[in-house]
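Asks: Take this structure first; my questions come after.
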């Protein structure tokens, strides 16, 4: 510790150093020449009053500064809690199933039947279908106008299913004619050998009658149940069942579309709808989708297997047959046990689908009204308008599974009851979004959540007003664009209807042209006949011939039908041009509306786009609004502190350390100063130096003289210093002399060591070196948290700021939870108190202290 000496004078006019004595010094005989004499105990007691005042002033300043900081935190935390509460409410609202959700699905105007069956599409997760699962339906009693040209769901089913199998499978020629003969399969009970015999009267084997069919072109012979083939004109020519009713013939299909477990739906989009007429009180079911359809379910012989215990075992048989050329396809026999099986059409022969992973077989079973069934692997089947050559795997199915569905699936009768209608207008329709309807709500960038979040943010921070304006502007703009888009869609659909009418007229005109060509051919034949019979001098009406007139020679019928068709075609052309022109105008207006620049809205939109890029993966959820609000809040609340800290950091480590050391020195030496001692010393200096004490006093307490140096003393000549030392030594004892310090020499020594710099840098270097380090200790102090303004720990300061924010949020949350619990406890106590008082009141009423009721007495 550096000793500090005060220099003054004695009444004799000789200056003597007034020293601060150590703790062991006693008041000796030389104390009469000193202005005061005391030890540490008396010093502490005398400086107590000033220390208390300093502490009180420091506490007041710290409380004011803390209050200012708390004000920032209170405002910020209030806004943060407001945003969190708003976000929680919006999150809860978005997750609720709304009973009446106003969607973009719309029905308005008149419902007319439409023949545009290509508006019906396949929806589902299967490849080739639209990956969309939203559907709705409800009952209505609206009147609908349908005609014979109204498309049904059955037509679309045949088209879509056939397209799926036609595009997924390989073309086949299995629908050619077969030369078949009836055979019997005879087997002995003792062996697994079966003989194939040609007979006229066939008998059943394994529950079926059998045919041996030969396809000469492919050198292929198949042994097949009679139920799978159809005879042609009571001859030996047979074809697979269903070939005449289908136009697509395929084989080797992917297993995925043969399991019978993959669902799809045939759906439409507004302004088209599907209607199923129930015929009960003129009500109909209207929706955007028809019933669920499973891929792989056959048209005929549908059977449903239910129950846990189902087992099928292969019966291995050796088929003994005559010599043959090419391929001989033998049947695969099964014995199955079905505990619960249903025939959909009450047919004696049923078809079920047995499958495992990557393998499937269609079993044709004989329904014998018992749990034991004889089955054979089916060779052919019909799905939609596709005729399939069903797979026949060589490996038997071990892990057997059976498809389970309702008999109404893929039912032709039910699909034919669903008809396609089209509305002429678009109006909002309340649709239930509960789980039983299957309507799934999609989050939207600019919806109720966006508007509410923008309004809340606008009340919290001024920057969010721009976003709210953008949200409202974009909502109106999008609504206008949607209206124009609906008009474009309606006009386009109307134009397509008109084009369809034109196509029908063109088809009729083509038929008429074909008829005219036939008439010309007939006329040519007549001409040739006239030439043969020698008809001469003929006109277009009369012919002079010797042969009688024959009515079969032909007639030329005049008709005005062609002129009517031409007139209708011209009218339709005009309507199509008008409709398409209106659609083009609406589309242009939609693009103009959507691309109309708005300076404020465009700025906000760009800002929103940048924020969306900064926060990837959040999408259009409510988290985007909350994160945006938190970022803006942190930016506004932390930017002043960040800028202030940056300014202090860039101002240099010297000034930061200097302020830190000043504050530390002030707190360290405040308790050692004494008001009474200082006053006595000032009086002594005033009497000895003739007024120079005031100057010394000002210098001591000046801003640049805080470390105990005296510039007045430094400016005096060194001889004056020596004279003071010489005269002072004669008035102090040896003990006190040993404790006299030389502050000037110490200070000069440090000044010389500082390289001629100003005294402030020297004192800074002195203080840091006395603490045992250099300028890099500032960084250590910053990391330890002992430095108020860190010089190199700015990232650490930011991290601790984030930790403090999280801690304060958690603290406010816990305090809020405590308040809620306290309110709940008070409420429960109030309820219990009310119940107690009511019970007490009732009890007192029923059992009063003094009874005024006199009981009757019987004498």
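Start at 1 and count along the chain as shown; that gives each residue its number.
Just so you know, glycine gets a Cβ as well, placed from its N, Cα and C.
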Asks: When Swiss-Prot marks a stretch as coiled coil, which of 527-575, 576-624, 723-771 is it?
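Replies: Comparing 527-575, 576-624, 723-771 with Swiss-Prot, coiled coil matches 576-624.
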Asks: Looking at 663-699, 774-810, 811-847, which one does Swiss-Prot call coiled coil?
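Replies: In Swiss-Prot, the coiled coil feature sits at 663-699.
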Asks: For the feature region 'Immunosuppression' as recorded in Swiss-Prot, pick the matching range from 498-513, 626-641, 642-657, 706-721.
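Replies: Swiss-Prot lists region 'Immunosuppression' for residues 498-513.
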Asks: Could you round the CA separation between residue 186 (N-linked glycosylation site) and residue 112 (N-linked glycosylation site) to a whole angstrom and send it over?
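Replies: Computed Cα spacing between residue 186 (N-linked glycosylation site) and residue 112 (N-linked glycosylation site) is 62 Å.
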Asks: Here are the glycosylation sites: 112, 233, 340. Which has the lowest count of other Cβ atoms within 10 Å?
Replies: 233
Asks: In the structure shown, with every protein chain counted, which of the glycosylation sites 141, 148, 186, 411 has the densest set of Cβ atoms within 10 angstroms of its Cβ?
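Replies: That would be 411, with the highest Cβ count within 10 Å.
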Asks: Round to the nearest Å and give the CA-to-CA distance linking residue 148 (N-linked glycosylation site) with residue 112 (N-linked glycosylation site).
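Replies: Cα-Cα distance, residue 148 (N-linked glycosylation site) to residue 112 (N-linked glycosylation site): 12 Å.
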Asks: What does DSSP say about residue 340 (N-linked glycosylation site): helix, strand or coil?
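Replies: SS state of residue 340 (N-linked glycosylation site) = strand.
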Asks: Can you tell me which of the glycosylation sites 141, 233, 340, 411 is spatially closest to residue 112 (N-linked glycosylation site)? Compare CA atoms only.
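Replies: Minimum Cα distance from residue 112 (N-linked glycosylation site) across 141, 233, 340, 411 lands on 141.
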Asks: Going by DSSP, is residue 411 (N-linked glycosylation site) part of a helix, a strand, or coil?
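Replies: In the DSSP reduction, residue 411 (N-linked glycosylation site) maps to coil.
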Asks: Calculate the per-residue pLDDT averaged over the region 'Immunosuppression' (498-513) and state the result as an integer.
Replies: 72
Asks: Report the nearest neighbour of residue 411 (N-linked glycosylation site) in space among the glycosylation sites 141, 233, 340, comparing Cα positions.
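Replies: So, of the listed glycosylation sites, the one sitting closest to residue 411 (N-linked glycosylation site) is 340.
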